[in-house]
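Taken from TrEMBL as is:
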- 38-58: transmembrane segment (TRANSMEM)
- 64-84: transmembrane segment (TRANSMEM)
- 117-139: transmembrane segment (TRANSMEM)
- 159-177: transmembrane segment (TRANSMEM)
- 189-207: transmembrane segment (TRANSMEM)
- 227-247: transmembrane segment (TRANSMEM)
- 267-285: transmembrane segment (TRANSMEM)
- 305-325: transmembrane segment (TRANSMEM)
- 337-362: transmembrane segment (TRANSMEM)
- 374-399: transmembrane segment (TRANSMEM)
- 420-445: transmembrane segment (TRANSMEM)
- 457-480: transmembrane segment (TRANSMEM)
Amino acid sequence: MPPVAEDVLEFKPEASLLDSNLSPVPATKRTLTRWDIALLWFSMVVNVPCYYLAGSLVDLGMSWWQGVATIILGNTILLAPLILTAHPGTRYGISFPILLRSAFGVRGAHVPALLRALVACAWCGIETWIGGQAIFLLLPRSIKNSWYAHPIHWLGTSALEFSCFILFLLLQLAILWKGMAGIRLLQNYSAPVLLLLTGWLFFWAYFKAGGFGEMLSTPSRLGPSQFWSVFLPSLTATISNWSSIALNIPDFTRFAIRQYDQIAGQLGLPIFMGLYTFIGLAITSSTQVIYGRVISNPIHLLAEIGGTFTIVVAIFGISLATITTNIPGNFVAPANVLVSLSPSTFSFAGGALFTGFVGVAFQPWRIIESSESFVYTWLIGYSALLGPVSGIILVDYYVLRRMVLDVKALYSANPRGPYYYSRGFNVAAIGALVVSVAPAIPGFLHKVGILKATSQVFVVIYDNAWFFGIFSAAAIYWVLSCWRWPQRVSTVPSVWEPLQPTMA
């Protein structure tokens with residue numbers, strides 16, 4: 001490893017590593033209070049995938065209280081890495097792609113950034129598909145029964161549903177093109193509207209089912225031995241649901257006024273998820289009483305309810321929930337990653353456009369076609385990629401660097417810089433990432449049916465992929481760093497004028 005420069009303040013930012021969207025946010029432009037961050041979480045939590053996750057647990061055999069407990073526990077566990085990863089964003093005003101350079105190197109950061117971006121692109125596609133389904137609901141029955149609505153085998157859906165999907169994608173891009181100021185304004189109005197709409201569906205289920213006793217009467221279908229085989233992967237899936245946001249949370253907290261604001265605001269995640277989960281599980285459980293079968297997808301439930309008023313309310317509520325979740329949660333991270341890869345090629349708007357069309361390529365209608373594919377294949381599958389990245393970031397920032405970053409060097413390709421490592425790549429971080437992801441691959445291939453049989457050890461690792469990944473990557477990275485690069489850590493912090501670190 002090249003020696004750390006004696007005067008770390010001499011590093012100059014390089015055009016290839018710098019863009020106005022990725023520059024440190026000066027203290028004068030940090031305006032998010034704890035209430036703003038809490039409101040952001042509320043607007044992101046109240047969405048169809050979170051409802052679908054809750055309903056999926058009932059569909060997989062849990063009772064309502066087992067589902068609520070699983071989701072609250074998972075989000076409480078996630079709160080720790082969420083707040084810890086947010087800290088450097090608030091302290092130094094830096095975004096997620098820039099924070100990655102500290103551990104992975106100024107060029108090696110592109111590897112985990114692209115992994116996070118791909119996950120966000122797929123989520124973007126899922127949310128957009130849900131919004132498209134809301135539009136599909138609004139169409140006259142005559143059109144939905146036409147030849148245009150017949151499934152196309154190779155596509156996996158109908159041309160009509162696919163057209164609704166593309167239309168909703170274009171709607172989001174039009175909103176995003178005006179910048180994040182517009183979506184923040186929309187969030188201020190969407191939160192109370194979403195609360196009213198969700199409450200309406202909840203009280204419909206309450207009266208239709210005949211009260212809480214009937215709504216929550218659906219028992220667990222899992223015996224003692226079966227419960228744990230469902231609970232552990234479900235807990236992993238619950239954590240994975242927001243693990244992607246837990247990684248790129250500095251993209252948002254770099255605008256927070258103080259550390260207190262980002263910490264207090266993010267306590268809203270387990271609170272809001274717990275409340276929304278209870279509502280979702282109660283409604284899903286009531287469908288067993290009302291219709292004689294569990295309907296975990298709220299769009300399918302709204303279609304079952306029918307009626308012009310219901311459909312109009314569904315379109316408005318689902319569209320608003322999707323837009324206020326999808327844009328900040330799934331467009332921002334990939335767009336910032338693409339800008340960091342090539343500022344001369346991608347603007348933020350261009351990156352968002354690219355994100356949207358990559359989301360189409362993921363064919364999200366296949367991902368959410370069943371509770372099993374959504375929970376066991378999608379949520380757990382990508383947690384095997386993101387858990388190790390979290391472990392590496394946290395060890396690098398808290399254990400090796402003691403929360404001290406040289407902001408100027410993060411934007412410099414100077415070979416003498418503390419984040420240049422070997423040609424811009426930190427082999428220890430990339431090695432820890434690869435070694436931690438590899439053991440989950442056999443379990444994933446078995447789950448999707450590519451491997452007919454595999455060792456039970458690999459199945460257990462996959463079912464607990466996030467836990468295995470974050471702890472194994474953290475341990476491997478720490479050992480490799482202490483053994484190979486014991487003198488690589490700079491103890492001299494720097495700021496980039498006019499930026500001043502905001503302390504707790």
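Quick reminder: no glycine exception, Cβ is built from N, Cα and C everywhere.
Please treat TrEMBL annotations as automatic predictions, because they have not gone through curation.
Here the listed stretches are 38-58, 117-139, 337-362, 374-399, and the one with the most C-beta pairs under 8 angstroms to the transmembrane segment (457-480) is 374-399. In summary, the transmembrane segment (117-139) does not lie against the transmembrane segment (267-285): fewer than three C-beta pairs, each 6 or more positions apart in sequence, are under 8 Å.
Long-range neighbours of the transmembrane segment (267-285) within the same chain, counting only residues 6 or more positions beyond its ends whose Cβ lies under 8 Å from a Cβ of the stretch, are 37-38, 41-42, 45-46, 50-51, 53-55, 57-59, 63-64, 67-68, 71-72, 75-76, 78-79, 82, 198, 201-202, 205, 212, 215-218, 242, 294-296, 298, 301. Long-range Cβ contacts of the transmembrane segment (305-325) within its own chain (Cβ-Cβ under 8 Å, at least 6 residues beyond either end) map to 43-44, 46-48, 127-128, 130-131, 133-135, 137-138, 168, 171-172, 175, 183, 186-187, 190, 193-194, 197-198, 200, 204, 298-299. Recorded stretches compared: 64-84, 227-247, 337-362; the one with the most Cβ pairs under 8 Å to the transmembrane segment (374-399) is 227-247.
The listed stretches are 64-84, 227-247, 337-362; of these, 337-362 has the most Cβ pairs under 8 Å to the transmembrane segment (159-177).
Long-range Cβ contacts of the transmembrane segment (227-247) within its own chain (Cβ-Cβ under 8 Å, at least 6 residues beyond either end) map to 44, 49-50, 53, 57, 60-62, 66, 70-71, 73-75, 77-78, 81-82, 85, 96, 116, 119-120, 123, 220, 269, 329, 333, 375-376, 379-380, 382-383, 386-387, 389-390, 393, 463-467.
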